[in-house]
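Below is one structure, written out as structure tokens, with a few remarks after it.
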Amino acid sequence: MSIPICYLFNYLIHNNSAEAFFFAGCITVLILAISARFILKKKAPVDPVFYVFAVHAFLSVVNLIIGLEQDNIIDGFVTFYLKEADPHINTAHGHMISFWDGCVHYLMYLLMIAAITWGDSYRAIGLYWVGSFLMRAIVYILGNAVGKYGTHVGPLFLLHMLYISVTVWACFCIFSQPSIRDVQLTNNREAERKSLLHRLLDLLFIIYLIPAFAFCVFRGLIVLDCSSDWCQEYTRQYEPYLKDPSAYPKVQMLVNMLYSGPYYIITLYGLMVPGCEWVPDLTLVHSGALAQAQFSHIGASLHTRTPFSYRVPADSQLVFLLVNVLYVLVPQALCYRCCTRSAFFLRRTPDKKTE
């Protein structure tokens with residue numbers, strides 16, 4: 001429905017202005033009413049989050065259309081919106097979050113809608129989406145407020161805040177769902193008996209967490225205008241986008257330093273001490289957040305909408321991609337390990353005393 005509705009809105013508004021907008025709105029409401037009537041003929045889902053995800057899936061396709069039209073791949077679908085919308089959407093970061101929302105978030109919404117329809121648990125994919133959405137929202141809102149477009153906040157931004165508020169409510173609904181882990185206690189005891197030296201994979205993850213923590217703090221210091229020669233040289237040779245006046249990369253690195261930094265420390269503890277039941281959920285949220293953050297950062301660093309002086313130099317792109325891709329892929333592997341082999345993180349229940 002997103003594609004024909006966007007095209008209809010764009011065509012009518014370009015021709016008849018306010019009357020066309022009212023007419024297109026009526027048509028949209030009529031289509032939604034017919035669709036709702038068709039759905040309610042069957043067994044309606046009890047979970048109210050289902051309807052939030054359904055609307056978000058609609059908006060995700062709209063965001064994909066926006067990204068495609070911004071890059072001149074298609075034309076005539078959201079031209080009116082790109083002219084009237086806040087200028088933040090036309091930045092390189094705005095391009096990246098449009099594509100992420102239109103592809104990755106759309107897939108997540110379909111998976112969660114299917115899980116609700118079939119009566120299955122969607123908590124795992126939901127937590128991954130929570131991290132991705134919250135990272136996108138925090139960086140986008142703060143970047144709009146403090147960047148060079150901070151004075152151009154209009155009514156559409158307030159509408160975006162309403163969208164964020166409803167989505168935050170859905171995030172709390174996902175967190176309130178019970179965790180389902182089918183792991184036997186005997187496996188838990190066997191996992192507890194193994195020392196760190198006998199858990200080679202966990203040892204490798206622990207070794208990774210230390211330089212990852214240093215890297216996110218290092219980039220945080222760069223955006224805080226650290227005068228160190230290392231910071232200046234790294235910015236000039238590898239990531240000049242960190243100094244982009246749009247402020248999105250600066251906010252992104254500060255969020256990484258303030259949230260990813262503590263995450264690495266407490267995850268380090270969780271991998272060394274058994275019984276930390278919060279580790280799998282925490283890795284799901286963080287891996288989703290980091291995937292979204294790195295996709296937007298890498299894409300915007302290389303995008304043509306970014307001024308040439310702030311793009312990654314051609315002779316440094318290989319190193320830039322290698323470091324940033326490893327920085328996002330290893331947490332995904334850590335998340336997979338913690339969620340699929342979670343016996344080590346379960347608390348040991350006390351043995352019952354026998355008379």
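Quick reminder: no glycine exception, Cβ is built from N, Cα and C everywhere.
Copied over from TrEMBL:
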TRANSMEM  20-40  transmembrane segment
DOMAIN    46-171  domain 'EXPERA'
TRANSMEM  49-68  transmembrane segment
TRANSMEM  97-118  transmembrane segment
TRANSMEM  125-143  transmembrane segment
TRANSMEM  155-175  transmembrane segment
TRANSMEM  196-222  transmembrane segment
DOMAIN    201-335  domain 'EXPERA'
TRANSMEM  318-339  transmembrane segment
Under 8 Å for C-beta pairs, could you tell me which stretch among 97-118, 196-222, 318-339 has the largest tally with the transmembrane segment (49-68)?
97-118
Averaged over the domain 'EXPERA' (201-335), what pLDDT does the prediction give?
92
Top partner of the transmembrane segment (196-222) among 97-118, 125-143, 155-175, 318-339 - counted as Cβ pairs under 8 Å:
318-339
Maximum Cβ pairs under 8 Å to the transmembrane segment (155-175) - stretch from the list 97-118, 125-143, 318-339:
125-143
Is the transmembrane segment (318-339) packed against any residues at least 6 beyond its ends, judged by a Cβ distance under 8 Å, and which are they?
124, 128, 201-202, 205, 208, 212, 215, 238-239, 267, 279-280, 283-284, 286-287, 290-291, 294-295, 297-298, 301, 312, 345
Structural state census, the domain 'EXPERA' (46-171) (DSSP three-state):
103 helix, 0 strand, 23 coil
Could you give me the DSSP helix, strand and coil counts for the domain 'EXPERA' (201-335)?
110 helix, 0 strand, 25 coil
